[in-house]
Amino acid sequence: MKIATWNVNSVRQRQPHVTRWLEINSPDLLLLQEIKCETRAFPAESFSSLGYESVAVGQKAYNGVAILSRLPFTVTQRHLPGLELPETGEHQARYVEVEAGGITVGNLYLPNGNSGGADGYAAKLAWMDALTAHARTLLAAETDFILAGDYNVCPTDDDMAPGIMGADDALVRPETRERFRALQWLGLTDAVRAVTPRGSVYTFWDYQAGCWPRDRGLRIDHAMLSPRVAERLLDAVPDRAVRDEVQPSDHVPMVVTLR
DNA sequence: ATGACCCGCGCAGCGGGA
């Protein structure tokens, strides 16, 4: 079973890249983040013609997540349980979850946390707390699951090119990393680090400053596996070749292979 | 080198990204 996650930075800009990638790699599921369109504008037909049915949770201009699957699936969540919604306005489109092939697959786009001042960062931490609580619920029900997507977290200094971010950046602050570790302490496995314990395994390179040619990247896209799923782990690796394509996303797909 | 890019929105330039 092959499950991939990819922040595409606008699905309408990246639709050719996504269909090409599906044709070459044939994952069972592909989790997309930052589709940056309303649900009704999601180009589902271009994927269903390749054998992938989809569920999209979008909003205007920002955020937005979708899951493509060539396996039969049922939608189990369209937002992260336990998050208090703002009193005004719609909640942000950052979570969708399906059950497919006997596994619950959560697709998440965690807030960056660098905009909106102190409130913006507090919202990121609250989101992470809600994710941990949801993971705890799934574990209590003995559900096999994977929580994958753009976490906007560099778990350790090994996950970022030297000097690329200040210590006060929301992606690396101690409170952020502490909450990422809380997921691991529940018993979840960081798939990439289970396969490659040390060294740079980047999934993102900024468009600016020649970050990609100089390999100055970040590891911020992750797949966290529940214990029984972790026992089935064969491989977890980013597909770096995609970053060399014309007009690429700044993230590349990260592919998890299970027995 | 304090530099550099890309997206949506909407038609200039800004907020957001990480």
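The backbone N, Cα and C atoms fix where each Cβ goes, and this holds for glycine too.
Pulled from TrEMBL, these are the features on record:
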type: BINDING; residues: A:Asn7, A:Glu34, A:Asp150, A:Asn152, A:Asp250, A:His251; note: Mg(2+) binding site
type: ACT_SITE; residues: A:Tyr109; note: active site
type: ACT_SITE; residues: A:Asp150; note: active site, proton donor/acceptor
type: SITE; residues: A:Asn152; note: site 'Transition state stabilizer'
type: SITE; residues: A:Asp221; note: site 'Important for catalytic activity'
type: SITE; residues: A:His251; note: site 'Interaction with DNA substrate'
type: ACT_SITE; residues: A:His251; note: active site, proton acceptor
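The structure, with features from TrEMBL marked on it.
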residue	record	Cβ within 10 Å
A:Asn7	Mg(2+) binding site	25
A:Glu34	Mg(2+) binding site	23
A:Tyr109	active site	27
A:Asp150	Mg(2+) binding site	26
A:Asn152	Mg(2+) binding site	25
A:Asp221	site 'Important for catalytic activity'	26
A:Asp250	Mg(2+) binding site	19
A:His251	Mg(2+) binding site	25
* Structure fact -> Here the Cα-Cα span from A:Glu34 (Mg(2+) binding site) to A:Tyr109 (active site), rounded to a whole number of angstrom, reaches 7
* To do: Sorry to bug you, but what's the C-alpha spacing from A:Asp250 (Mg(2+) binding site) to A:Asp221 (site 'Important for catalytic activity'), rounded to the closest Å?
  => 12
* Filter the binding-site residues A:Asn7, A:Asp150, A:His251 down to the ones within 10 angstroms of the residue listed as 'active site', Cα to Cα, kept in sequence order. => A:Asn7, A:Asp150
* Asked: Cβ within 8 Å of the Mg(2+) site's Cβ centroid: which residues qualify beyond A:Asn7, A:Glu34, A:Asp150, A:Asn152, A:Asp250, A:His251?
  -> A:Asn9, A:Gln33, A:Tyr109, A:Phe204, A:Ile220, A:Asp221, A:Ser249
* Is A:Asp250 (Mg(2+) binding site) helix, strand or coil when read with DSSP? -> coil
